[in-house]
């Protein structure tokens with residue numbers, strides 16, 4: 001046997017050479033590691049780190065945003081409370097004894113507002129109302145009209161007069177026996193209530209400052225008839241104390 005003979009046939013030699021030439025990697029080729037590809041990401045660059053000033057700026061923006069959100073929420077809550085009290089209902093505390101025995105001092109009342117604006121009030125309704133030129137200062141130091149709780153005894157078209165310290169509505173005396181303790185007031189001629197005028201008094205007749213105080217010597221204490229826009233709402237229920245809960249009649 002010839003030891004120098006090529007062990008491959010010419011065709012086999014050519015196939016082997018072609019296979020080596022078509023190999024995708026040479027002996028010195030380097031494959032990028034999985035770690036390097038992962039660290040570079042799609043862009044091939046590391047993300048920049050925020051410096052301390054940028055972090056402080058971001059925190060300040062977040063705080064300002066949170067403050068704005070709280071301010072907006074508070075403003076919405078205040079507006080909602082104002083709208084509810086103006087158009088729907090409100091809560092009032094009784095201050096004094098002018099409505100005994102119907103209402104007692106420090107009782108809390110549930111007062112409806114919308115029905116007064118839509119349909120007005122009727123004789124016998126217990127209402128929250130304002131008097132002319134009567135103001136008080138609230139806890140915020142803001143001057144507001146003082147609230148009074150009284151009963152409507154005269155409505156538009158009724159005739160009111162006072163004789164011998166007794167008030168008459170359409171010729172009928174208002175509980176004359178209870179008037180003996182009421183401070184003396186001068187008489188006045190019959191007066192017909194206008195289309196938007198109401199006469200209000202306290203149920204505790206001898207201890208109530210109300211529409212009967214009219215045409216007195218001291219005009220600053222005058223009340224007299226009040227107009228519809230001075231009536232805030234109707235007192236419907238006593239809601240506090242709990243054991244005193246009841247409808248108001």
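Here the Cβ of each residue, glycine as well, is placed from N, Cα and C on the backbone.
Per TrEMBL, these features apply:
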type     : residues : note
ACT_SITE : 98       : active site
ACT_SITE : 150      : active site
COMPBIAS : 33-45    : compositional bias 'Low complexity'
DOMAIN   : 67-240   : domain 'Peptidase S26'
TRANSMEM : 70-92    : transmembrane segment
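For the active-site residues 98, 150, the ranking by surrounding Cβ atoms (within 10 Å, all protein chains) places 150 first. Looking just at the domain 'Peptidase S26' (67-240), the mean pLDDT is 89. Look at residue 150 (active site): DSSP puts it in a strand.
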